[in-house]
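Quick look at what Swiss-Prot annotates:
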type	residues	note
TOPO_DOM	2-9	topological domain 'Cytoplasmic'
TRANSMEM	10-36	transmembrane segment
TOPO_DOM	37-46	topological domain 'Extracellular'
TRANSMEM	47-72	transmembrane segment
TOPO_DOM	73-95	topological domain 'Cytoplasmic'
TRANSMEM	96-130	transmembrane segment
BINDING	H101, W206, H209, Y280, R287	heme b 1 binding site
BINDING	H115, H222, R226, I227, M268	heme b 2 binding site
TOPO_DOM	131-163	topological domain 'Extracellular'
CARBOHYD	N132	N-linked glycosylation site
CARBOHYD	N149	N-linked glycosylation site
CROSSLNK	K161	ubiquitin cross-link
TRANSMEM	164-194	transmembrane segment
TOPO_DOM	195-203	topological domain 'Cytoplasmic'
BINDING	R199, S200, W337, H338, P339, T341, H354, R356, W361, T362	FAD binding site
TRANSMEM	204-222	transmembrane segment
TOPO_DOM	223-267	topological domain 'Extracellular'
CARBOHYD	N247	N-linked glycosylation site
TRANSMEM	268-285	transmembrane segment
TOPO_DOM	286-570	topological domain 'Cytoplasmic'
DOMAIN	287-397	domain 'FAD-binding FR-type'
CROSSLNK	K294	ubiquitin cross-link
CROSSLNK	K299	ubiquitin cross-link
CROSSLNK	K306	ubiquitin cross-link
CROSSLNK	K328	ubiquitin cross-link
CROSSLNK	K334	ubiquitin cross-link
CROSSLNK	K381	ubiquitin cross-link
CROSSLNK	K506	ubiquitin cross-link
CROSSLNK	K567	ubiquitin cross-link
Amino acid sequence: MGNWVVNEGISIFVILVWLGMNVFLFVWYYRVYDIPDKFFYTRKLLGSALALARAPAACLNFNCMLILLPVCRNLLSFLRGSSACCSTRIRRQLDRNLTFHKMVAWMIALHTAIHTIAHLFNVEWCVNARVNNSDPYSIALSDIGDKPNETYLNFVRQRIKNPEGGLYVAVTRLAGITGVVITLCLILIITSSTKTIRRSYFEVFWYTHHLFVIFFIGLAIHGAQRIVRGQTAESLLKHQPRNCYQNISQWGKIENCPIPEFSGNPPMTWKWIVGPMFLYLCERLVRFWRSQQKVVITKVVTHPFKTIELQMKKKGFKMEVGQYIFVKCPVVSKLEWHPFTLTSAPEEDFFSIHIRIVGDWTEGLFKACGCDKQEFQDAWKLPKIAVDGPFGTASEDVFSYEVVMLVGAGIGVTPFASILKSVWYKYCNKAPNLRLKKIYFYWLCRDTHAFEWFADLLQLLETQMQEKNNTDFLSYNICLTGWDESQASHFAMHHDEEKDVITGLKQKTLYGRPNWDNEFKTIGSQHPNTRIGVFLCGPEALADTLNKQCISNSDSGPRGVHFIFNKENF
């Protein structure tokens, strides 16, 4: 139990608090509309659907307040960089911002469904009551407001039968129009956010996500017409519903039961979302300001396996290891921004990214940089690009541990390129405050060509550690997870050579996936009473495996070995 708490305790606590707030708001506002006399006659007209519509509306306000905060990248980076308010454990929660963003989005979808279905029943009953297709009591309540100097309870004033009457409400009432619009926006945003769409049609995901602007505008004005109505406080003093409701025919004729007066609830949603909307507006202004700063591409390198490297310079640009940036190339698309991990080290006088060509945008950038041509390209022909960032990630904490495991899958090795480069520079400069004592590096890749661009860095590190008589500092395992029979025969023939046939390194390439259980047990036995940071940039399936290994191989007590799992999310 203790090892589970070390890795997941704070995350579970945050989720439980969030779920608890949703339950509290739902129950509280359900009772607000289901018990007080203010809504006594509204309940007589609408039944339990009134409370079932308003309770999820309160939860929607709460979650729509939260949904923007996890995507305020500059705010999160500021919090992450403030050691005074963020310990390592708190920063790990900030690294799960996108996971929380998705959870909040699904909660919004759930409450939207409940809210919409309940209001569909409300509209049907209100329309039926106006066309005398309901019980006499509801009809009598709906007729209040037809005479001069009366305030109405039933917001439907036209006498049009269903389904035409319901459609009329949807296209003439502000709540109906905005409800349809924001629900459609939500459906498009959620359906375009699936993994398949994001990976294969990123542009669709990118553009539909910007429907959030329409969503929040519609949400802010959704309740402006105040169609949910209740009895006024002044009217309740003169007309007590529980004493008068059985004598509806005598209302206005006897002193203790005058005709009740009704008013609509003031809109509240804007009060919930105005703060986050302001923060997000500031976020976008900062991004716009950064995007206008000049970026110079100093070098473009074409690597094997459809990968290019961009080396750039920007005035005032400062970075930490493992951070990422957003890149826009107006020649390819004037609006799209794409995230890329920085592969350079803070000690270098430029910053770089490695881009794998996998979609329309990256293909366009590949051609814009002249990488599809054989001849050398002049620097002035390179496209202009905009850069936003850098932004913090889990990998920033790598120097907070004495022992770390770095696991990269495929192009997921990029953040660790930055880390390993920085380690190399620190050793060259004999950095006195380097806490890190041991690195276990794992790289899993399907294709042999993918290793080529990274091998030079590993060779430099290998040589440096030998010169410093510290070959034990870095232990790396390069795992080839895909090969055919001819390759296997070739590897076997050269197995006894001094250097690896694929990477040129002294450390031999391994074939197949690591036995993670053995790896964790071996590392744990070599470093007792140590907090070991486990950093992954790779697929969710591998993340689940490593997270379970961290939990199962950590000691339950405060002493002993503890594996702390961290995953890149951007």
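The backbone N, Cα and C atoms fix where each Cβ goes, glycine too.
Keep in mind that what you see is a predicted model, and the values were worked out from it rather than measured.
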Neighbours of K334 (ubiquitin cross-link) among the recorded positions N132, Y280, K328, K567 (Cα to Cα, within 10 Å): K328
Entry from the recorded sites list K294, K334, K381, K567 having the most other CB atoms no farther than 10 A: K567
Tally of DSSP helical, extended and coil residues in the domain 'FAD-binding FR-type' (287-397): 21 helix, 39 strand, 51 coil
Most Cβ pairs under 8 Å with the transmembrane segment (47-72), selected from 10-36, 96-130, 204-222: 96-130
Neighbouring C-beta atoms (10 Å sphere around the C-beta of W206 (heme b 1 binding site)): 17
Winner by Cβ contact number (other Cβ atoms within 10 Å) across the binding-site residues H101, H222: H222
For FAD: widest Cα to Cα gap among R199, S200, W337, H338, P339, T341, H354, R356, W361, T362 in Å: 20
Secondary structure of M268 (heme b 2 binding site) (DSSP, helix/strand/coil): coil
Outside the topological domain 'Extracellular' (37-46), six or more residues from its ends: residues with CB under 8 Å to it: 121-122, 125-126, 129, 137-138, 141-142, 153-154, 228-231, 233, 236, 240-242, 245, 260, 262
Cα-to-Cα gap, R226 (heme b 2 binding site) vs K294 (ubiquitin cross-link), nearest whole Å: 49
